[in-house]
Amino acid sequence: MAHPDVLRPPVPAAPAARPPRPAATTIAFAVIVVVALAYRTGLVVVDIPPANSDEATAGLAALHIGQGRHWPVFFYGQHYMGTLHSYLAAPAVQLFGTQWWALRIPALAVYVVFLVLVFHLTKRLYTPWFAVFVAGLLAFGSDRIVKNQIIGAGGYSEIAAATAAVMLVAVVLTMRRATAKPLGYLLWGGLAGFIAWTHWLGLPYVAVSAALLAVLTRRDLRVRAAALAAVGFLAGCAPLLWHFVFSGRNPLSVLLSVSGAEQPASWPDRVHGAVVLGLPLGSGLCAPGDCRPWQLWWGPAYLVLLGVAVFLSVRAARRAEGVRRARAAGRTALAAGGALTLAAYLVSSSAASTPIESARYLHYGLLSLPAVLWPAWRCATTLVRRPTAGRPGTRVLAAAGLALLVAFTANAAVASGQLVAHRDVYARKAADERTLVAYLRDRRLHHVYSEYWTCNRLNYVTAEDVRCAVLGDDLRPGHDRYLPYRAAVGRADRVAYVLPAGGPADDRLARFADSSAHPVTVEQVAGYRVYEFAGRVEPT
């Protein structure tokens, strides 16, 4: 007789476990990243935004690094702002030549990193769908925002990503205190040191993330973890320390000299430049070089929302324990980072003297956008989920939150459209640059004098085939960031003056040419007047 087990039908094998499907929020975020990157890549292809002399300086450093000629620690001509971007761009510049788009490839990659970091930071501190919403807002790109993210000068793109990373690491360490690895502190220290080397405007987020770690992990923080954070910081800012040790310069004096805090400016002008103009510009709500009156609502709204965000997060941190307390404290730190960034800009005289261009100093405040918009999001989601629930006052508040989010989103979309509509103006600038370079090459003019915002662009796009030295409006030597160019032009037998037509320097040189005994030829080329004297002259 057969054994009972033999007669029992075989048990079917369990189906193979299917891999988990990506969450809807992850898919939505991936789509946002693709669209945002495509938008910025398209702008780069059509020469938006136009390059400037500072970007050219970073490009020259990349050219020199690729050639093995120099290994700069800081931006040429100054003792601050690290040159990581130039090192990242050096291979592309060597491979593709001195093209503006080659210089911007690293910035596009770093922008994607920034978007990913902000998404994960927001998801940890708030909710997944709010993180998607914030990423969608950051996908828009007004003129000021795109300039900060794409123009390869000043370290803005790299430090935006680094500040997001330093906050994310600090939040992870505080929310996972029981399982946090000491190497996490090494990573945090390395990021903090890198920010200190590259751009001091990111230091407010280093400060608030350090405070977050100190307050929430003080019981668990061991000597080893603190030592690793210190080692990481020293490694991250090693180029800065090396430079200051061997140059003999005091980093504090350099910081004070560039802050503009000691320069005179009235407080009403500072407040107007930083809050009324700066916050809409820095948040991506304005047209190229201009903020319309209807776009200025965001400054006061930002301050109110920031205050509400701090109040809510501090109250939650006092009442909660464990992970919830860490999350609330992280929200407080994120809001505090935005407040410190605004305060640092408010102290600077740049907010009063050059508010449109200097709004770039608020770029890192974008990291605090989730903290600022969270109160409005909470109100709006309450209305969407329960439109008839609650007291009338609560419903009014919820409707106000929803209206604010819609207004901000629409404003950001309009500002992005204004940038695209401005493309013809920027295209003419790029075409004028190509025309001027072609003229100089056709005339075999390899040594020229020009103003600051032109010189290094000529030096870069011609791969130093044209050497340009800077002149001020009085035709005296100006700010040459790379002094060998002035020496080369000074030794040349044949030199041309390439000056913006109708500018102060052009008017002064025209008067000199009229009264000079030296023969001179003058050509009008792409918005410039090109003066070529017979023999060397000193018009000053």
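In case you wondered, yes, glycine gets a Cβ from its N, Cα and C as well.
Just so you know, TrEMBL annotations never went through curation; they're auto-generated.
The structure displayed is predicted, hence computed values, not measured ones.
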Students should find that the region 'Disordered' stretch in TrEMBL, chosen from 1-20, 41-60, 141-160, 441-460, is 1-20
Same-chain residues at least 6 beyond the ends of the transmembrane segment (125-141) with a Cβ under 8 Å from one of its Cβ atoms are 23, 25, 28-29, 32-33, 35-36, 39-40, 43, 114-115, 118-119, 149, 171, 284, 327, 330-331, 334, 366, 369-370, 373-374, 377, 405, 408-409, 412-413, 415-416, 419
Ranked first among 101-119, 225-245, 297-317, 329-349 for CB pairs under 8 angstroms with the transmembrane segment (153-173)
101-119
Within the same chain, the residues 6 or more beyond the ends of the transmembrane segment (329-349) and with Cβ under 8 Å of it are 121, 124-126, 163, 167, 170-171, 174-175, 201, 204-205, 207-209, 211-212, 215-216, 259-261, 263-265, 270-271, 274-275, 278-279, 306, 309-310, 312-314, 316-317, 358, 361-362, 364-365, 367-372, 374
